[in-house]
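Enquirer: These came from TrEMBL, pasted as-is:
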| type | residues | note |
| --- | --- | --- |
| DOMAIN | 124-446 | domain 'PDEase' |
| ACT_SITE | H200 | active site, proton donor |
| BINDING | H200, N201, A202, V203, H204, D241, D350, Q401 | AMP binding site |
| BINDING | H204, H240, D241, D350 | Zn(2+) 1 binding site |
| REGION | 440-472 | region 'Disordered' |
| COMPBIAS | 451-462 | compositional bias 'Acidic residues' |
Amino acid sequence: MLLASMLRQRDFDKKACDCMFNKSSNFVLNFTFKTKSIEYVNLYPSRLCSFAFYLYVRVRSRAGFETERRGSHPYIDFRIFHSNSEIEVSVSARNVRRLLSFQRYLRSSRFFRGITVPNSSNILDDDYNGQAKCMLEKVGNWNFDIFLFDRLTNGNSLVSLTFHLFNLHGLIEHFQLDTMKLRRFLVMVQEDYHSQNPYHNAVHAADVTQAMHCYLKEPKLSKSLTPWDVLLSLIAAATHDLDHPGVNQPFLIKTNHYLATLYKNTSVLENHHWRSAVGLLRESGLFAHMSLENRQLMESQIGDLILATDISQQNEYLSMFRSHLDRGDLCLENANHRHFILQMALKCADICNPCRTWELSKQWSEKVTEEFFHQGDIEKKYHLGVSPLCDRQTETIANIQIGFMTYLVEPLFGEWARFSNTRLSQTMLGHLGLNKASWKGVQREQSGSGDDVDPAFEEMDSDILPQEPRLS
């Protein structure tokens, strides 16, 4: 009755609500929201407590800072977007996977610390961990193959790489971190990415974290950044797409998703990633030994970094970056200026795939396009109107990538090269040019013309698409 009362009180944006109760147990067996004939929710008995608690918090107060967690909103089943997975996975099953993942990583980490496991009969696993350790010795190499590293670590690339970087940068010692809490936090982060997403998964997060490490090593940054700056950067990189549902913001808005309402259609996914990250930080107790003031500052600044990855805010950040570079007034001794540069670095890391080698870049291009197309398939199925770039019948990987590079990647990395004109910057621009030429070659083979740019990019709002970079 309390549950039904709360539903009536909030009315949940006037959506139609259907509740079925098992009268002998008073459990909600099924709870559905229906909008445009889509059934969004399947709530099972194991999720009732979490669901009721969520409703109570939302109904009681909308004020203050509220963290988010995967599974803390059980009435939203993102797996409707993935037709291959129809079976409900309980919270307890996810916790078992998380525990097993932690145990696998804990064993692997002995090799990373140079400790030999006695009487090991699994020679293949030992050899693979040895190869992973060798790869970590070259983690600052721009040609780092995150796909190979993920295979060598048995799907634990994000945990293994991020823990290594914390140790490499001296963060564990400097901030007196409990290594068990750190591992637990990283395992929770990795498990809260959706492995069924072709692109927005833990491997992408690991790739962005590795790229962020490369940028932190750049001369201008390495001599100016504090351990606090490095700590924020690595956490933000590892969690920047946490609990990504595999669909974009316009999809959430047009389907009246509750997250879109909660965040008022503004940086919906980025806000959710940030709140999810804060939830894991608090749950793990990783920084419980710090003062409340420092923890709150950390949460806020991590949010600033993650929110900067919203591609719809590209023009705003790029314009500020250009203005600073034109005036030559960036001073990395200023904490605010350093934080802004870290925002730009994370933006670069997030979309750096076209700046990798062709072998790596092509794989990422195929993965992100498949995720786009999967969303388009869902939109077609439910007559929602197919989003730009998401129609597999009219779009091609080559067209999408050429438009992406032209309108988004080239302007951003052109300005980054103005700020940090190093060998790495020139390498990234070189790969970008070669990869764009390769996709144009594919495009010519497919259409007989190499001058077309995907019209979907041209139709997108001008606020999202930055102007071409100016020559300095």
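Heads up, the Cβ atoms here are built off N, Cα and C, so glycines get one too.
Nobody curates TrEMBL annotations by hand; they come from automatic prediction.
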Enquirer: Within 8 Å of the centroid of the Cβ atoms of H204, H240, D241, D350, which other residues of that chain place their own Cβ, given that this set defines the recorded Zn(2+) 1 site?
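Expert: The surrounding set, listed in chain order, is H200, A205, V208, A237, H244, T309.
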Enquirer: Given the model, what does the mean pLDDT over the domain 'PDEase' (124-446) come out as?
Expert: 97
Enquirer: Under 8 Å Cβ to Cβ from H200 (active site, proton donor), same chain, six or more residues apart: give me those in sequence order, or none if nothing qualifies.
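Expert: The answer is Y193, H194, D241, H244, G246, E371.
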Enquirer: List the Cα distance (Å, whole number) between H204 (AMP binding site) and H240 (Zn(2+) 1 binding site).
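Expert: Spelling it out, the Cα of H204 (AMP binding site) and the Cα of H240 (Zn(2+) 1 binding site) are 10 Å apart.
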Enquirer: Write down the Cα-Cα distance for H240 (Zn(2+) 1 binding site) and Q401 (AMP binding site), rounded and given in Å.
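Expert: It is 22 Å, counting Cα to Cα.
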Enquirer: Roughly how many Å separate the Cα of D350 (AMP binding site) from that of H240 (Zn(2+) 1 binding site), to the nearest whole number?
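Expert: Cα-Cα, rounded: 9 Å.
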Enquirer: At 10 angstroms around each C-beta, which of the binding-site residues N201, Q401 has the fewest other C-beta atoms nearby?
Expert: N201
Enquirer: For a quick check of packing: other C-beta atoms within 10 Å of the C-beta of H204 (AMP binding site), how many?
Expert: 23
Enquirer: Ten-angstrom check, please: count other Cβ atoms within 10 Å of the Cβ of D350 (AMP binding site), all chains counted.
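Expert: For D350 (AMP binding site), the 10 Å Cβ neighbour count is 23.
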Enquirer: Around the Cβ of V203 (AMP binding site), how many other Cβ atoms lie within 10 Å? Please give the count over every shown protein chain.
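Expert: So the Cβ neighbour count for V203 (AMP binding site) comes to 23.
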